[in-house]
């Protein structure tokens, strides 16, 4: 069979998935720290001292795909059968030829870890060693506290922690060892309010999720009463011989890592050691005694704290259960029944197939399967006491809410296993813990969480590696209830999402100040678009709202064929422009005055922003030296780290990183030969240099011409930045884009931001993570480097079952994000999710989350498009549906029935995959411009699931008959809730008006015979013929219909971080084709209708 085209050599893989330039993975370049790695002195007077990495080209990955078998393309789901699990990187350097896999499954060889800076491959410790015992941490760094006021601090610092010594007895001592607080998270204006008019109401707080289809089984029984069986305290797992010396040396290495080298010697880049323990972390502890096997289940049977700690009554007061026995020493008997089979379904094999989640649906007969409200995430089949502690699915979601016990069972189901994360999402409530002790597992470094087991007051068992750990003395006291001896009631054990104020042990250097550098294209083409007026004015309006504190720094660079710096030195009467025309060897003139303190130099900065748009109006310079401008920006930012925001309007044409046009308009229709891979690795290499220095680059592309986003986008992709694309931006010819840029730029400038971040995802022993999706660089096997982290970014990971999960009733997943806030505080945000383990195929299908599956497949399809071809990715998406429905038909259905049968949980799977095939990222046909296609792929990789699904399968509403029935009432606003309609012209009536919400764009289609009252009372025009062609705003009229319609559209807009333009269209509107393109269920020139697609699937399934 034909092998898919291999990507050109020279694009090293950054993930564990072959040579895909679009996926991330282990570090492959050595970060050699020296005092002068770039030929310039990074130690600018008065600036932030930091080491700069030398540029070392990344090594070529040795793993590659080899497909064979009967089908044209192997399945998208990387089903790894037994014996095909991903190999960990060997400790010794890998030498030898790539392994060729002969099956139909792509086998991926993970390149060896080449990072001399890492202590070892993941945990920072050699095999056989244990991690260091953490010392009694004291937070010695004095945080810069700032009054909240209008500042955009996303979490107020907790002032005045209490005594760090725990009380030996309860009497007479109410000083908590640390203080706790619930803080609203304003982080710039909350997401909901980003596009609201002053004085308007926020949207609704997300309600707790209820099961969409409540299971028809009886409840799982009450918690057991009485104490647990008497259990002898097991001895702590003894480490291997010589553990103590390894511990000491590891501890020394960790402390060494935090000290900066002043003599220019090599410094270890040890975020890995600080965050601690990754996939291969440490030796497995000795197994627990057999009689403790029951405690692999999770939790405890104590009443949970109410969500708002500030409202908690003191012990004994109404609303709180007083403890049964008070002992003079402040402790009490510890009753912890393990959650056994009566608490948790070990297996749901006895459930009837007719249960709603498994009810077979004949897709060819049941046409109205789309729910009329937005689809909710399925609720895991856990005991309610555990489920109410589980992580919000908006933050952490798994493709399968029932985890298969073995890889063989997962392979049989033909569904992908993976996680979708939105880790830094704006939250209205977030418990923040300030304590001298952060309790973590000594073996795998998991943070204590609601799903650990307490064996007794003094010991807890990790829910990821099952090691038994001691409870530190400080953790015995609960500052919320002021009770000693109830560690299981601490906030850390009552909240699946929590944020810690990190002590100095979690810092490689003092927290960096917020530093913002703006890089503007000022060529003739750029000035012609008029974007500079909008950007400078928006910056002026929001200068005081930039997240930060008294240390915030800001700087500006402009470029055409030369690079212009702006000195903002104190004492100057006006900004001074410095021009560097040597773009082949860029240097920084007067580096100490180019990045200046925002508060101390605000007037000069405002002067510059007012004059910039006029400075280049007469420029005839058409060239663009983007590459050299980015090199200059990198050199300027290297000493501190921070954020570079670059605005570009054309193809870079001179200097390093210059590009040539690769788009041929006549060949847009073919799925072959479209250039989805970068044409140079300049931007990727520069992004990796940026990542090493804690610099992220955000790209704003405002272009009417082809600009090779496939190459330019690498600068943001690998530095954990974002890409914004405004096609054909022009302030006169395309004025609707101006409002979009203003609104989105305001959100971008004022939202909260985390600096110098790293993120690690851990999972229960037996599961393994093998591929990451999103914008970041994988620093060491599983540590994601995020120089900046923002609340609008999503991530995805693929997983496999490496060892059988026998005897486990549940597994857990935990993400930990370590970052520096804009106030200069080091913080750790932790999310933990718990899911049941199942042994039958029925149960795997029962727990399938069809939206999460679609989101993960979309990420995998982007990788396939880039590493192979677009048609390969499309075939693989279709095969994913065929395989899963075939497996369901052959292995689950007891009676073979005619038609196309799907389990109820997957009833929307074919529809969502068809929607993906029609999305701009994967569609065929002439209407997709190359940059537009690449931008949509960038969005797939970087959008949280909720926005990705809306862009894939839009929502259609009829809005000419809105009523208050079933409406939401939010802060005196009434928000109508019309039902969602199927995406087919069958559902349109010429008598109505329909709103299509496609995520980043909205269409309001007015039927020819639409009622006169709607046209006059909502559109404000006398009749259908008077509706203007380019109408994009609804007038605010004093009519009930107008108020309802505007309230509904505003409410939809408020719930996303980007601004969808509203196009009002008629039958003869040029935009009608775009509206009809989103009618997923109808046939288009290049794609099947939903019914035809189902027939095709049925034909393949029945083969």
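All positions are counted from 1 along the displayed chain.
A Cβ is built for glycine as well, from the same backbone N, Cα and C atoms used for every other residue.
Since the structure is predicted, the reported quantities are computational estimates derived from the model, not experimental observations.
What TrEMBL lists as compositional bias 'Pro residues' is 1-10 (among others).
Under the heading compositional bias 'Polar residues', TrEMBL lists 12-38 (among others).
Residues or ranges marked as compositional bias 'Low complexity' by TrEMBL: 60-72.
The compositional bias 'Polar residues' annotation in TrEMBL covers 73-87 (among others).
TrEMBL lists 133-154 (among others) with the feature compositional bias 'Polar residues'.
The compositional bias 'Polar residues' annotation in TrEMBL covers 162-178 (among others).
Residues or ranges marked as compositional bias 'Pro residues' in TrEMBL: 200-232 (among others).
According to TrEMBL, the feature compositional bias 'Polar residues' maps to 241-271 (among others).
Sequence annotations record features per position, and here TrEMBL assigns domain 'Zinc finger Sec23/Sec24-type' to 438-474.
Under the heading domain 'Sec23/Sec24 trunk', TrEMBL lists 511-749. Note on the domain 'Sec23/Sec24 trunk' (511-749): its mean pLDDT in the predicted model is 93.
Annotated domain 'Sec23/Sec24 beta-sandwich' per TrEMBL: 754-838, in sequence order.
In the domain 'Sec23/Sec24 helical' (849-949), helix, strand and coil residues by DSSP number 71 helix, 3 strand, 27 coil. TrEMBL lists 849-949 with the feature domain 'Sec23/Sec24 helical'.
Feature annotation from TrEMBL assigns domain 'Gelsolin-like' to 975-1048.
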Helix-strand-coil residue split for the domain 'Zinc finger Sec23/Sec24-type' (438-474), DSSP-based: 2 helix, 12 strand, 23 coil
Tally of residues which DSSP labels helix, strand or coil - the domain 'Sec23/Sec24 beta-sandwich' (754-838): 0 helix, 59 strand, 26 coil
Summary of DSSP states over the domain 'Gelsolin-like' (975-1048), given as helix, strand and coil counts: 21 helix, 14 strand, 39 coil
